[in-house]
Amino acid sequence: MSENNEFDIADLRRDYVRGGLRRRDLTTNPLDLFERWLRQACDARLADPTAMCVATVDKSGQPHQRIVLLKHYDAQGMVFYTNLGSNKAQQLEENPRISLHFPWHMLDRQVSITGTAHRLTALEVMKYFHSRPKDSQIAAWVSHQSARISTRGILESKFLELKQKFLQGEIPLPSFWGGYRVSLETIEFWQGRESRLHDRFLYQRDGDGWQIDRLAP
């Protein structure tokens with residue numbers, strides 16, 4: 001960074017004027033409100049509305065984040081898929097505590113979730129794997145996620161090789177590919193407001209139900 005031509009970002013800001021979130025807008029079950037917001041994100045044609053930041057912690061206590069696509073949600077939690085040799089999967093084996101974050105900037109909204117990750121069954125993984133486009137199934141075989149490689153050509157050559165190999169018939173599920181369901185412990189809904197007096201509501205698991213609290217911005 002040039003000392004004589006510093007890129008000043010301190011004054012980059014905008015006003016949040018898309019309305020508020022009031023207690024009367026809330027649902028008893030947070031997944032109902034999540035679904036409403038997700039549908040509105042899709043209707044607004046946001047790019048990748050199911051993209052979420054997944055945060056895990058390694059054995060040294062160092063947090064790590066990456067963007068992953070949400071593929072399913074229900075009363076049992078939020079579901080995503082990954083290579084089981086990836087950094088995230090290894091970290092979840094050591095510490096299944098996890099957080100998810102949906103940044104719907106264009107709607108001045110965020111949803112933050114904390115919980116515990118549980119491995120999906122082989123049947124659940126297989127069902128989803130075979131619903132994916134064929135090239136995506138092949139790519140799962142090609143990439144040993146997070147492994148160091150010297151050139152992109154290695155991936156492309158392997159992809160073409162496996163595309164020929166799997167030209168006919170069903171592509172088998174790799175043993176190193178799976179998924180997780182995140183059981184929900186807290187879920188926070190954030191709505192941007194004027195003068196930075198944002199609306200925040202926190203749902204916290206309370207037995208079979210949810211405790212709901214408004215948080216100061």
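From the backbone N, Cα and C atoms, a Cβ is placed for every residue, glycine too.
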From Lys59, Lys71, the one annotated by Swiss-Prot with Arg13, Arg14, Asp15, Tyr16, Tyr128, Arg132, Ser136, Arg196, Leu197, His198 for substrate: Lys71
Among Arg13, Arg14, Asp15, Tyr16, Lys71, Tyr128, Arg132, Ser136, Arg196, Leu197, His198, the record's substrate binders - longest CA distance, Å: 43
Tertiary neighbours of Lys71 (substrate binding site) (same chain, Cβ under 8 Å, six or more apart): Thr50, Val79, Phe80, Tyr81, Tyr128, Gly179
Arg13, Asp15, Arg132, Arg196, His198 screened against Trp190 (FMN binding site), Cα within 10 Å - retained binding-site residues: His198
